[in-house]
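Notes follow the structure.
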Amino acid sequence: MNKLYSLFLFLFIQLSIKYYNAKVTVDTVCKKGFLIQMSGHLECKCENDLVLVNEETCEEKVLKCDETTVNKPCGDFSKCIKIDGSPISYACKCNPGYDMVNNVCILNECKNVTCGNGKCILDTSNPVKTGVCSCNIGKVPNADDKNKCSKDGETKCSLKCLKENETCKAVDGIYKCDCKDGFIMDNESSTCTAFSVYNILNLSLIFVLFSVCFFIM
């Protein structure tokens, strides 16, 4: 029993150290985005059509690199740069510490890491920078398969879902704070409101009025 307890305590401490040393923590406020959790890390996800300029900040993405968009974000962890030459040209380049792989900027340490049902992250608990797999919720690294995300396993949600009528949910392989069952997000107030029969009737009434106005016109 003592050996089992010691092993559990060791794993708990290692996981705590990893989350503590990470740039994104449970207390991070994502600018124009929201916090998510996978098996081994936390990260910010951007709202629609925005991209990450750093671990905590999302901004609007430019669609083309030219003289008017130099230093503007053109993708996650990338920006437009000017290339001197004849003629002068412009390109989308990854931020320092990242490399372009299949048109996506990934950490230098992750170029040769394949995770499967997850993604490669920087192992912040290791003094030597290495890439490790953080898995989709429901999967964990498999020591018998080069630590790829090929093993079923559970990960406890550590997100602080503090808004009223909000809870932690597993959605598409990640944990995120979402409205409880029976509630829906009100985009104007950014709060979870009850999705009652009253709401449905209001929507139906709006649809009927719109249809009547359309046919009258």
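Note: Cβ is positioned from N, Cα and C throughout, glycine not excepted.
Just so it is clear, the model here is predicted, and its values are computed rather than measured.
Of the listed cysteines Cys161, Cys179, Cys192, Swiss-Prot assigns the disulfide bond with Cys177 to Cys161. Swiss-Prot records a disulfide bond between Cys80 and Cys65, which is the match among Cys65, Cys94.
Of the cysteines Cys92, Cys94, Cys115, only one is given by Swiss-Prot as the disulfide partner of Cys105: Cys94. Swiss-Prot lists a disulfide bond between Cys168 and one candidate from Cys157, Cys179; that candidate is Cys157.
For Cys74, the disulfide partner named by Swiss-Prot from the candidate list Cys58, Cys92 is Cys92.
Within the set Cys179, Cys213, Swiss-Prot assigns Cys179 as the partner of Cys192, by disulphide bond. Contacts of Cys157 (disulfide bond) defined by a Cβ separation under 8 A and a same-chain sequence distance of 6+ are given as Gln37, Cys168, Ala170, Tyr175, in order along the sequence. Summarising the environment of Ser196 (GPI-anchor amidated serine), the number of other Cβ atoms within 10 Å of its Cβ, over all protein chains shown, is 12. Across the range of the domain 'EGF-like 1' (30-59), the DSSP-based residue counts are 0 helix, 17 strand, 13 coil. Counting other C-beta atoms within 10 Å of each candidate's C-beta, the glycosylation sites Asn112, Asn165, Asn187 are led by Asn165. If you take the C-beta of Cys177 (disulfide bond) and look for same-chain residues 6 or more apart in sequence within under 8 angstroms, you find Phe34, Leu35, Leu159, Cys161, Lys163, Glu166, Thr167, Cys168, Lys169.
Shown in sequence order, Asn165, Glu166, Thr167, Met185, Cys192 are the residues of the chain, 6+ apart in sequence, with a C-beta less than 8 angstroms from the C-beta of Cys179 (disulfide bond).
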